[in-house]
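Right, one structure below, let's go through it.
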């Protein structure tokens, strides 16, 4: 029998269930993975109110709001760098970057029917050296609530020595080729059975959770501690999503390495809790169109938060089409099925191989809204390759095939990228893929 511990305030309920710990918020905030935009990948520290409002307006004008994208998130470098207000101890928005303050900007974003996010860190300074929130959790949570903030990205920089963990957790990032990943150079591992919930890292993040729960506004809580301190074990009871790796970059080797690492964490994904492989790089750098497609499809299939990180006023139609794929977004936002797609076959490698250059290539996931099963086939290699989805290998299709017997071995198939009905496909579907491209299918009713 599942037991629950509830901490109730006017703003939120913290529900802890054995075996399925989750931070449950009012209004279903955080039940589904977040959709939005963030300033960092596009602009870094070079931000101001005009750039944030441009992004907000483009989310509306480009039709992204209608597809569910709702958060407009201000990342690092938004405050006065020299320190807090001496009398109130509050962080102060940079008046040159944000002449109407964060609250004035938030009002404008809310007027568009969107939500607004902000950034801080569980340390003394942010990653760019601005004031952060360790020791000021209650003041900052109250300030964010008063400003109308709806989302907090909480980083892991500026941690003082007295808040450093006693042990070092193994995050094989980028890792080396080995089964499940190892950290052979870790000189300070925790003893067997160590509970990372007791770590100082977990405590730093709990303090902000408790502060956010206590304010009279529901603020989605996005942990960004890079997979440290076994956050997969306690992240769901602390926040709505939690970063699993270091930062992403707009390069295929980095995207592949993160996809590989995150692919081993799919059992942690369900309603109210999402391992986060970092923000999207679609539209950035020198990624090929195929790599942009594969990046987005994998992130959507894993039900990761989909936070756009490119300048929307200059986005190409090809990149916009990827971010706007209705089939992948429907799978991602399924109101009935919380579980993600899972790898069912590694393809290039033997199953369960940890290989940053070649993540799992064959994925499938159930859906209540697509009329079938989502299936992905990735070409992780550097040359054109053929990939084949065999129906009897796909977990969601095995029972159907068993009931049909030998009389019917086909399924109606739809191409996710084109929306084209591919007809009744018997036994398997085979396709030639460019380097680092992905085929995405909805495998529907038997035929």
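Glycine is no exception: its Cβ is also placed from the backbone N, Cα and C atoms.
Residues annotated as signal peptide in Swiss-Prot, with sequence analysis given as evidence: 1-22. For 45-77, 127-157, the entry in Swiss-Prot reads disulfide bond, with the evidence type similarity to another entry. Annotated active site, nucleophile per Swiss-Prot: 155, in sequence order, evidence recorded as similarity to another entry. The feature N-linked glycosylation site is assigned by Swiss-Prot to 162, 180, 236, 286. The substrate binding site annotation in Swiss-Prot covers 225, 226, 227, 228, 229 and rests on similarity to another entry. Annotated active site, proton donor per Swiss-Prot: 247, in sequence order, evidence recorded as similarity to another entry.
Structure coloured by features recorded in Swiss-Prot.
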residue	record	Cβ within 10 Å
45	disulfide bond	16
77	disulfide bond	22
127	disulfide bond	20
155	active site, nucleophile	23
157	disulfide bond	20
227	substrate binding site	25
228	substrate binding site	20
229	substrate binding site	27
247	active site, proton donor	14
286	N-linked glycosylation site	8
When the Cα-Cα distance from residue 77 (disulfide bond) is computed for each of the recorded positions 127, 225, 228, 247, which gives the smallest value?
127
Out of these recorded positions, 162, 225, 236, which one has the fewest other C-beta atoms within 10 Å of its own C-beta?
162
Using DSSP reduced to three states, classify the residue listed as 'active site, nucleophile' as helix, strand or coil.
strand
Alpha-carbon spacing, residue 236 (N-linked glycosylation site) to the residue listed as 'active site, nucleophile', which is rounded to whole Å:
16
To the nearest Å, how far is the Cα of residue 157 (disulfide bond) from the Cα of residue 225 (substrate binding site)?
8
Return the count of C-beta atoms lying within 10 angstroms of the C-beta of residue 226 (substrate binding site), excluding that atom itself.
19
Three-state secondary structure, residue 162 (N-linked glycosylation site) (per DSSP):
helix
In DSSP terms, helix, strand or coil for residue 226 (substrate binding site)?
coil
